[in-house]
Amino acid sequence: MMLGPEGGEGFVVKLRGLPWSCSVEDVQNFLSDCTIHDGVAGVHFIYTREGRQSGEAFVELESEDDVKLALKKDRESMGHRYIEVFKSHRTEMDWVLKHSGPNSADTANDGFVRLRGLPFGCTKEEIIQFFSGLEIVPNGITLPVDPEGKITGEAFVQFASQELAEKALGKHKERIGHRYIEVFKSSQEEVRSYSDPPLKFMSVQRPGPYDRPGTARRYIGIVKQAGLERMRSGAYSAGYGGYEEYSGLSDGYGFTTDLFGRDLSYCLSGMYDHRYGDGEFTVQSTTGHCVHMRGLPYKATENDIYNFFSPLNPVRVHIEIGPDGRVTGEADVEFATHEEAVAAMSKDRANMQHRYIELFLNSTTGASNGAYSSQMMQGMGVSTQSTYSGLESQSVSGCYGAGYGGQNSMGGYD
């Protein structure tokens, strides 16, 4: 375990492997033998660019003895996840917190959360009931609609304080009716982004799980025009269908997507190519470090995929949905660094339930535009040595072409 440098920079530890719905209280209970500096204010979660908890947090402690006690908790469990504990320092903590998450410094504490997966016809009253006991500001609920006036299955909620917003994150994966609701950290800036000019509809091609190259069915995807680089026959973006069974919106073609492009930000920075058959379409990832999965069980969920890669913590997961509304048995999993993506390849051919999963690396050492440099990752206890060295030279076209160019492609249908 790599320790941070000694010095007079406070008493800080970093936790990694936290459950996605982890709350401040969960961290306090995990470190119950330690005294946390300033109580709840001493726990700092690290968020991804989409406002989701990254599975990591910094905790400020009162003394060096508290740090030693915290380090003894390394590899102990919180729920079904085992937690790694690293020694850190204030400089590292401040740098990471400044460079992670969707929020700028002036909007980081404005009390917003984003909901995803709302039932069709969900009302503001139901959202208020969902957050019963947490004060929402007047007119603090925003329900975005698409250009046709249909609800998107998402909502923004502003609470009376950032502390209440943090508590609201504890409602992640609880139900409204029969739907599981996902709760993410958000900001006023993100709410404003939903009032951008309407996104354009663009027709692209995507091969079905059993189609041969060149015979892909046509379907409609929604993309941000600024993110398009090239388009030819046979192209598609893997970012179009990442909402699995919880999304509250269907586009009429059988797959679900965010009409305001939030998860399509997956396609808008950190370029890498996806190639299918004779065509190609340049799409982009937020980090540029992706692993493509093939052979997923029909009922596999995002949480199953996160658990599959544990103790690694993917930045996000996109389960692919075909134009017939069924999962394709494939997914794209994005990691914060090239090193983590390479480490994830050690799970190639491992089982998920009764299916073995094929993995394809889609990452290069120079592609990262994320917050963590190699040097910083070393300081945070992450090895920068490749653990799956033979895969780094795989070309994107090679690993993706294999998914559709052969006769042994594994779909997700059992």
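Glycine is no exception: its Cβ is also placed from the backbone N, Cα and C atoms.
Among the ranges 41-46, 179-184, 263-268, the stretch that Swiss-Prot annotates as region 'Interaction with RNA' is 179-184.
Checking the ranges 27-32, 81-86, 117-122, 291-296 against Swiss-Prot, the region 'Interaction with RNA' annotation falls on 81-86. Ranking the recorded positions ARG16, LYS185, ARG326 by other CB atoms within 10 A of the CB puts ARG326 at the bottom. In terms of Cα spacing, the recorded positions ARG52, LYS72, PHE120, SER193 that come within 10 Å of TRP20 (site 'Interaction with RNA') are ARG52. Cβ contacts within 10 Å of SER193 (phosphoserine), excluding its own Cβ and spanning all protein chains shown: 14. Calculated from their C-alpha atoms, the gap between PHE120 (site 'Interaction with RNA') and SER193 (phosphoserine) amounts to 23 Å. Taking DSSP states H, G and I as helix and E and B as strand, the region 'Interaction with RNA' (179-184) has 0 helix, 6 strand, 0 coil. Among the recorded positions ARG116, SER193, TYR298, the ones whose Cα sits within 10 Å of the Cα of ARG326 (site 'Interaction with RNA') are TYR298. Ranking the recorded sites ARG116, ARG349 by C-beta neighbours within 10 Å puts ARG116 at the top.
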